[in-house]
Amino acid sequence: MNNSKRKTLGGLSPAQVNARMSLGPVRIAREEKFGRKTLAGRPSILGNRNNAMTNKLAPVPAPPRRSSTVSKTPGVKQDPRPSGDKTFQANCIRRLIGYLSTHGYDQPLTPKMLASPIKQDITNIYHFLMHQVDPNLSPKTLGKLEDDVPVLYKRLRYPFQMSKSVLFAVGSPHTWPGVLAALAWLTELLLYQEKTQQVRETMFDDRQHTEDDFFAYVSESYSFFLAGDDAACQAVDDRVGGEFVEQQEAAHALAQTLQQEKEQVQKQIEELQQGHTPLEAAQLKTAELKGDKEKFLEHIAGLEARKQKMQRRMQEQMGDQASLREQLAACLEENGAVRQAVAEQVYDHSDVQRMKNERAKLEEMLAGVAASREAHERGAAEQELRCARQLNDLEGSLQVYHSAADRLQLIPSTAKRANNMQFEAQLNRNASSYADLVNVDLKAVKSSLVHIKDATAARCRELGEEEFALRDRLDASRHSLTERAEESASLATQVGAQERALAASKDALERQLAQAGQEAEAVREQLAQLQAEGGINPADSQQAILSLQAKHRETCSSNTLELRQLKQDLDTAMDMSVSTDGVINARDLNDKLTSRKCQRGGGHSGCNCSAGTHKCLEGGTAEIATVLCDQTRSHRQPKDKDADWKLLAAKLTGTSPTRTLGPSAGLVAMGEDGPPPNSHPLSVPEGGIIRRTMSRQDEKIRRTNSRQPDAEPNGELKKQFSISASAAPASAPPVDNGTVAVDGPRQYRAAAFNAPELEGTMKRNMLALANEENREFKPYKRKRDINWMGAIAFTAYILSFGFYLWIRITKTLDLGGFLWYGWLVLVVEMIGASTIVLYGVNLLFNPQLTVYEEDPAHPGKSVVHRPYHVRCLVPCYKESLEILRRTIMALYDAHLPEGCNRTIYLLDDGKDPKKRKWVDSLGADVVYVSGRKRAPGEMNGKSGNLNNTCAQLYPKGTFVPGTELVAVFDADQVASKEFFLKTLPLFDGGDDVGMVLSPQCFHNLNTHCDIFNHSNVHFWEYMQPGYDALGFISCTGTNFLVRSAAFLEVGGSPTWTLTEDFALGMEMKKYGWHCRYVQEYLAIGEAPDQIRNCYQQRSRWCKGHFQIFFSKHSPILQTRLSWFMRIMYMSGVWSYVVGALATPLFIALPIVTVFFGVFPIVISQWAALGLTVYFVCTNAVLYYVRSLRHIEALWFSNVANALLWWTYVKAFWRAINSICGQKIQFKTTLKGASMLMNSSFRDLAVPGLTFFLLLVSLIIGIVKLAQSATIQTPLAISVLWCVYQMIPSALVLMYAYVSRGVMLQYACRLGIILSFFTGACAVGLMWGLYPPNYDFAQVTQMSNFYYAAQKVGTLPNNNPVAWRGNALLGETGPLGRDMTGGFLVGGAAGNLQLSMPTAFTVSMLSWGVLAFPEGYQQAGATQQALENIKWGADWIVKAIGVGTNGTSNTSSIVYQMGNYTTDQLVWDRPEDLNGAAYPYYTVDAAIGGSDLVGAMSGALASAALAWQDTDYGQYTTYMGMATTAYAFAKKFKGLYMESQPIMDCPTDYADGTVGTPISTCPSITLQLNGSAIPLYNSTTYYDKLLWAATWLYKATGDSDYLQDANDFYIMHLYSETNGPATLAADWSEYFWSANVLLATLTDGTSYHQQVQYFLRQWICSYGQRIVYTPMGRAWNYASPTLGGTANVAFLSLVYSKFVMEQDEYVQLAKRYVCWSRGQIRYMLGGAGQSLVVGFGVNPPSRVQNEAASCQPAPASCNKVQNELSPNPNPNVLYGALPAGGGFTDSYEDVRTLNSSQVQIEFNAGFQGAVAGLVQAPGAWEQCLQGYGVLTKDTTICTGAGSPP
């Protein structure tokens, strides 16, 4: 048997065939209409059964014949339904209950019961359902549930297995869900059976006949099948199949007809329900028609006027023609006469030559006249074109005017502000004069508008005045409120202070009371004990006490009398010294002293109380008064009560007691017990006379200076010192400029310093001393408070830095080849941030300020609990005596707490005899130390000087008590009178307090122009308090006190570094000593004033820190310090490292950007956010101040760092060299007049060079910004940064060469403003000008949307455009060919379908999908793009034509659907054109059509490749049509436009782009025929054949196509030269696109050269064809639309992707990508607005698109209401790219302008370009790098601009 015929019944088994279960309806008995029924009239769905099955369901019988078996029964499938889901079960239960309750189930039933049923319930349900399946079945005839139910389900074809085991355990939870699902399926089957039965009963009467025929066919066919007669079986199949097909087609046609009628009825119902009544609709239509009628009448009137004008012109031309005819006749007559004369004349050679010459002259004249005529014609054409443009502009202006008038309520004339005046103006294009251009009186309108403007301005002024008045009142209220708030705050502050003072007083009184009680109790206990032990009589003790008290009162009384007498004597002496010019006898003064001593001490040895010695002083000197006044002011209370007189005598005599400083003298030489035993007695030369040296006027001036405050800039800090900087103390004797004769054996040389080597440490010894003194060792307990504001600022900075670091790393380093530069800057930024972190740590805490306890017995003095002896050391070397006088005398006059003493030591390494003589004149409290031998190569002379003196004060082995203190003062530091009162009490805080520091200020410093940061406010006011709170010791070298024991324990002042102060603090911290800080300025000095000194001082500090770091004393190596303290001590040297690295780099940043075009970060929205947050938080830390006055000082610290970076670099280098053995020299800072001679030129070289480079960069940057069309953010920021970085250099140059006074002060203030302003502007620029990141993926999807909106025909169900429907469904082509589908071209072509732009669109879309598959995939646009390609390609297939035999009918290739002429007259929805007859236009094969058909062939070949992997059937279809079309194009060469006559036409007919008319247009006849050839009038065809051959080669790999491509390539170059010269890549010129495609296919050198030449012309703008707009858009005169630019950008991306894989072309490829990225970014918003509809900022909203501009149906749509409407399109045409503004960057969003046209070919290359940018590597910011003054991109723009 023929097995092939057994497929007639499909894959049925014999059992299935015999059971007739798979054949649809059961067999119907003839005597019953619908089969066998039950008594209830319902048939069984099991059909007729044999007798054996009457009582019981029987299994399916076995197949009787094995030979008829075709296939095996398929295996059991798994149930995919979620039977275990609770929701699914609930739905099944709901359906089952619904069915049972509606079909008479008589058992109780609830959802809860079915949730967990019992077996009986399930049995009842199954019996009921089985009875519904077959009414003959009943519980009596049925057996067990598990036996019958599986058979039932099997016969009913239940697709899943139902086993007996499941039914046996049907009530269990794991089996019930499956059974429940089976029950639900069975109920659905029963419901379906009922529905089908109802349909059968309601169907037409011939249903029974149909079923009879069907079963007859089955019976007949099956009989033939069993008999093995396949031929008969096939005949039956063919006959019945044909009948069924005919019946089906008839039924389908009927169904379609009914469906259409249904839709029409529904549409009519909806229109009637939603629309107006017929009367209302008629009225609206009438009104609309009336309006249109009026406008048409106006238009007709205009046309009539134009007609009359043309008639007049025609009559004039006819008259001219008649005149010309007469002239022609005369000329002919004259010509004849001339001919006759010539014929009669005889010519010789000379005549011929003469005539030739005349002819040449005439021809030359004729050429000149012709050229003049052409020039005039050209001028006339330009004038007409200019007029047309001006009319268009005027029309646009009128639209703008109407919009504004509508907003101002001026139109219509009944509007609110119109005042019945006609403001609405209409343009009359046919006007003969300017006055007739508009229909209103412009002068009247202008005067009315001026009146309205004046009224509005007056009202605005009134409102403005009211506003100003209200603002004044508001300001006054605010001011009053502020004053009240300040008063309240002041009162609250005062109340708080009083409360705190009261609480403190209360606490002090309570403590005193408690202490007094304790002392009284102790006294009572002692008294009782003494009474108990000694039996002392209290009465006797009381008597003794009274006696002692009486003696005390008597002594006090005598002392009081003596004091009064002394004061009288003193006053007399002062009066005598001031009023007279007398002399005083030194011997009388000596006698006076001796007499006073004798009176007090009695007649002890050495006293002579003779009457002669008691004479009063007859005269005195100013020196006596001055000394005594000084002693009175200073409140000195020496233990030796005659010390004042001794000192006075010593000063008067110019001598001092002989004393020896040496190891043997020790404390005896300068102790507290007076002069040593071997000292010489005080003696005055006999008869010695000392003359007065100060006049009365001098004394007056001195007293005035001492009383009045200093008026210098730093006077606020110097008020408390009362020291004149220009005059020596009055008490000092004159200095003799001659040689000094030293009498007596005086020794000033000191032994070398030896560190004490005691057992244990000084700290332990102090602990032992405390034990010996019977007191506990008191450790210092540091107290601090949290500085909440500083902590908040620091925390914010830490968080902002982390956020900024994350942004910098992840968002700003996409710099391509300059990534290393970005990382370098980021690393330096992180390094710089570390110093801010270290500085911010100091802001976290504040130390608790010490509350000084005032001495009640001595008001104004603080109390100390131990008798401190302060050794004031003043080291000096070459400082002048005038500086030292101020320092020594200030220390001498400074007040001391009661019980404390001081000794002043001038440590003179310069061995100046003048200083020695002056010190010797001051008495025993001031000691001159000199004679130290400086070691060769000594590094730190100051430390050696200090150590030498300490070695003499505390010889080796000497135990030093804790009351011994050393105070160190630089030679220029003048202490205030309260210095020791503020510092000494701090040592009482603990026995381990080793140092007390105080800040410095300077008398010669103007704080408003402190560019070198001498005031160091950020250190003294913010860092040192933080150090104090953290326990960090940072000694500053002067104005500090150190406990002598601590000083000796650490080895004295370090001599191995230049910065001994910093090293001393570290050493003391290492040994466990604590430091206290006084937050008051207690000393004033002299800052270095000259540039050289400033740089030299900072260099010394920096070198010293680097010395420490590179030595064994490096903080990081000190194990006795905690890690926190190591880091803190490292912060000093780290700040210098950061200054040396960060400052020059940040200075170089703007210079590098301007000259090399490289910016270190990618500027984006993320960068702007990160920098803004970081900028604010950084300044919050750096400029955290407790007083606004400090902002200026903190700014000067930044200025100083910018000035000193080169000093830091040099210091670092010299420190490195010192490791290699080179010595570092200690250079002191010159003070006073000695510093005037230093030159500053070498120090100003680097600031000067910096200023010059920054200034040049600033000028160049400003010029580049001015020349640039747009503001480049990196360049603009760099310009601002140049200004910021120039400020320090400008200030230091001004300081050195211009002024240091008021002018510099104003310059500094201007610098502060500029620095903050430029920083804020830079951050603002990042927000305002950062390059936006455009979503190319979204644009790709939008472009697909645009193509979906342009589709016509029967649209797919998934079409995303909701406002588009089926359109142009009645289009037919030649021979009735279906021409529905395709795209509406749009723009000038309107609602036409044209083959030429469609072919170009399909080609470019296909190429984009093939070139950038990842881009499309990432954008999620691949499938939609393929659908769009298919939509266009299918229509091209229809346009080529396919015959009934499957072959193409190329004799009737369609190039247009629709009439262009009639289409231009209407403006309507495409959906409303379904009933219109759309004509078609075909190519004349006899003439040719290679250009059109070649483009179509290439489009189909590219579409085939795009669909090859998705649908191979589509691929074969498209390839077949492509090869057929290609053969036609090769055979019939020619231009398809030649099939119709084309001639020149008026400009107003041409519909080009950007106002540029096309060169040709149809004739009058062709215009009437409606062809649109002039819109797409291709002038070349070899480039289209080249395009087709190249794509076919790419699709097939056939070398014949490549050979054809080469041939067409050459033919196009040599025979169609006008094509390549245009440098265009659009629907008309395929040459350059084919070049790119050939270069990527063949890698041929010539193709690469041509492509690179083409792209170079576009990118570099060589020649006259390619021009750039001011904002950077490239455009071509031959193709000026945005689409033309986008096509070239697409080609650039395709080519760059290919050459990117070759190493030598990587940079070239990146530049191609950057250029394409820039052009596409221009279209997406780079021009200031988006030029893509529906995307970005201010996109076009009035593009020329009929469907988008029409309101939804049933609203009318026409030219007047929609095309000319100024309103935006109601439907957004997402993704459409308009033609654009051509040579300008402005885009006028007016629907009637050519620039707003959107056409399908505009988006073709644009979509591929944006998809390519989705896939392209890199970012736009990388493209901004590398364009500077010194660097020019030579990757592309090199060589000549001519083609290779």
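Backbone N, Cα and C atoms are what each Cβ position is placed from, and that goes for glycine too.
Database features, via TrEMBL:
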REGION    39-87  region 'Disordered'
DOMAIN    68-194  domain 'Kinetochore protein Ndc80 CH'
COILED    248-327  coiled coil
DOMAIN    373-576  domain 'Kinetochore protein NDC80 loop region'
COILED    499-533  coiled coil
REGION    692-716  region 'Disordered'
TRANSMEM  786-807  transmembrane segment
TRANSMEM  819-841  transmembrane segment
TRANSMEM  1133-1159  transmembrane segment
TRANSMEM  1165-1185  transmembrane segment
TRANSMEM  1244-1263  transmembrane segment
TRANSMEM  1275-1298  transmembrane segment
TRANSMEM  1310-1330  transmembrane segment
DOMAIN    1336-1809  domain 'Glycoside hydrolase family 9'
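Listed as Cβ neighbours of the transmembrane segment (1133-1159) (distance under 8 Å, sequence separation of 6 or more from its ends, same chain) are residues 818, 821, 824-825, 828-829, 831-832, 834-835, 838, 1102, 1105-1106, 1108-1109, 1201-1202, 1204-1206, 1208-1209, 1211-1212, 1250, 1253-1254, 1257, 1260-1261, 1264, 1274-1275, 1277-1279, 1281-1282, 1285, 1824-1831.
The stretch in 819-841, 1165-1185, 1244-1263, 1275-1298 that contributes the largest number of Cβ pairs under 8 Å to the transmembrane segment (786-807) is 1165-1185. In the domain 'Kinetochore protein Ndc80 CH' (68-194), the DSSP tally of helix, strand and coil residues is 73 helix, 2 strand, 52 coil.
Only residues 6 or more beyond the boundaries of the transmembrane segment (1275-1298), in the same chain, are considered here, and those with a CB under 8 A from a CB of the stretch are 1009, 1011, 1091, 1146-1147, 1149-1151, 1153-1154, 1159, 1163, 1199, 1202-1203, 1240, 1244, 1247-1248, 1250-1251, 1254-1255, 1257-1258, 1261-1262, 1264-1265, 1268, 1304, 1307-1308, 1311, 1314-1315, 1318-1319, 1321-1322, 1325-1326, 1329. Confidence for the coiled coil (499-533), expressed as mean pLDDT, is 79. Recorded stretches compared: 819-841, 1165-1185, 1244-1263; the one with the most Cβ pairs under 8 Å to the transmembrane segment (1310-1330) is 1165-1185.
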